[in-house]
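*Asks:* Below you'll find the structure I mean.
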Amino acid sequence: MRITLFDVQAMKPAGQRIAMLTAYDHPSAVLAERAGVPMLLVGDSLGMAVHGFDTTLPVTLDDMIRHARAVVRGTSRALVVADLPFLTYATEADAIASARRVMQEAGVQALKLEGGATIAPTVRRLTELGVPVMGHLGLTPQSQHTLGLRVQARQAAEARRLLDDALALQDAGAFAIVLELVPTELAQAVTRRLQIPVIGIGAGAGCDGQVQVWHDILGLFPGKSPRHAKRFAEIGTAIEDALRAYVSEVQSGTFPTEAQSSRMKPDELSRALNAE
């Protein structure tokens, strides 16, 4: 049975930490579900992690639907949340149209929107229409040209604004909120003030749960990972080694072997070659 937003919300008073992870395709969704990840995020971060863009801004609604549909097909238990991408919810009408497409065409169970009090009316309207919404505050990548890619809300006024935004989203009906790259102390204070779950990324250990990017925690990309990510494996190195071995065996003629080949009866081959 699939996890519901009510199950997720019940984890907070029960003291159960929520593990959330991005997934962008069918294989990653299958593996994440087998590992027991309760909530998967089809983030617009796929623009960078999968498509090679420098930002999330080029990601379209069609991109999100295509990837989210694949993730949903790979799950039967995990709650699947999808981002609405840049400027697809600038107005209430846009948000409703975008939400309808993603919910109907991809089959996700919830949507994530970036922004605070300014989008609270949109969040309220979507929830009234039966669309579960997760908020996203702090570093909001769709606003990186105005906010920058840095830790947010270090100063008192900014911190107060973030808390007010979180309360506004909760009041509008958001079932949970992601806090990205905010000071640990502030994230913990917001988590304590809210009744809904707060899921952190680069926001310290005081949140109700954590979300991380698939590629970061598996070490798929060479070089240094983001500071907030722990590399639980070095899958990228393992893949590279396997590919080198494949190239080497093809070039040396040691692959394929008899084990990877099929045979036919000699007389059948003869009849085929000599047929007029």
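Every residue gets a Cβ built from N, Cα and C, even glycine.
What you see is a predicted model, and the numbers here were worked out from it, not measured in a lab.
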*Asks:* The Mg(2+) site in Swiss-Prot lists Asp44, Glu114. Which one of Asp7, Asp83, Asp164, Asp165 belongs there according to the record?
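*Replies:* Same Mg(2+) site in Swiss-Prot: Asp83.
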*Asks:* Of all the recorded positions here, Asp44, Glu114, Glu180, which one's CB has the most other CB atoms within 10 A?
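*Replies:* Of the recorded positions Asp44, Glu114, Glu180, the most buried by Cβ count within 10 Å is Asp44.
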*Asks:* Return only the integer: C-alpha distance in Å from Glu114 (Mg(2+) binding site) to Asp83 (3-methyl-2-oxobutanoate binding site).
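*Replies:* Glu114 (Mg(2+) binding site) and Asp83 (3-methyl-2-oxobutanoate binding site) have their Cα atoms 9 Å apart.
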*Asks:* What is the one among the binding-site residues Ser45, Asp83, Lys112 whose Cβ has the most other Cβ atoms less than or equal to 10 Å away?
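*Replies:* Neighbour-count leader: Asp83.
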*Asks:* C-alpha of Lys112 (3-methyl-2-oxobutanoate binding site) to C-alpha of Glu180 (active site, proton acceptor): distance in Å?
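*Replies:* The Cα atom of Lys112 (3-methyl-2-oxobutanoate binding site) is 13 Å away from the Cα atom of Glu180 (active site, proton acceptor).
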